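Below is one structure, written out as structure tokens, with a few remarks after it.
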Amino acid sequence: MNEISENFDLHDHDHADDGKLPVPNEVQEAIRTLLRWSGDDPAREGLIDTPARVARAWKEYCQGYNEDPAVHLSRQFEEVGGYNEIVLLKDIPFQSHCEHHMAPITGKASIAYLPRERVVGISKLARVLHGFARRLQIQERLTAQVAQCIWDNLDPFGVAVVIEAQHGCMTGRGVKTPGVGMVTSRMMGAFLSDPRSRKEVLSLMGY
Ligand SMILES: [Zn+2]
């Protein structure tokens, strides 16, 4: 390891280099090519370790490929004390990346279900969201996948997922419109068929 990368490691909050995921040369080379294409010089000091960092960062952004989000819903509780109203986890912050530009999608999701006889620990809903968000996505599919996963695994009376997000590919390039949010929703079961239930869940979510 050269001196430059040692210096950078100190600033990195990363511990010893041996704990880090090795990055194959061809991956680093691909990022150098992108740096050159963007107009910079991958050989300059500040960019020496960038290809390896970018590669490891992408492994993290895309961690969801290594998991089946449904596993988070496997531990279920049947003892719900007669509770048969909406369970809602509101405004869960998340980050994803769009599959068209690999640009960040940042936003918040509200996830609700109407239990039939089983519930899960409430944080598990956020884990399901992150499992699907940590992949290359489009917001519409992310919304649908989270809803479908809860629907399939909890067998509830209804599922409602609303996602509000900003897209880096829209705020930082193209039409360059910061502050514009995109809202997608997926309603299933009672939230789809019963307008009163839908209205209730949307109002609990703050819409
Ligand atoms: Zn995009």
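We count from 1, first residue shown onward.
Even glycines carry a Cβ here, placed using N, Cα and C.
Look at TrEMBL and you will find CYS98, HIS101, CYS169 tagged as Zn(2+) binding site. Feature annotation from TrEMBL assigns compositional bias 'Basic and acidic residues' to 8-20. TrEMBL lists 28-205 with the feature domain 'GTP cyclohydrolase I'. The feature region 'Disordered' is assigned by TrEMBL to 1-22.
In this structure, the binding-site residues CYS98, CYS169 were compared by how many other Cβ atoms lie within 10 Å of their Cβ, and the smallest count belongs to CYS169. Around HIS101 (Zn(2+) binding site), a 10 Å sphere centred on its CB holds 16 further CB atoms from the protein chains shown. In sequence order, HIS97, GLU99, HIS100, MET102, ALA103, ILE105, HIS167, GLY168, MET170, ARG173 are the same-chain residues whose CB sits within 8 A of the CB centroid of CYS98, HIS101, CYS169, the residues recorded for Zn(2+) being left out. For the recorded site, HIS101 (Zn(2+) binding site), the DSSP three-state label reads coil.
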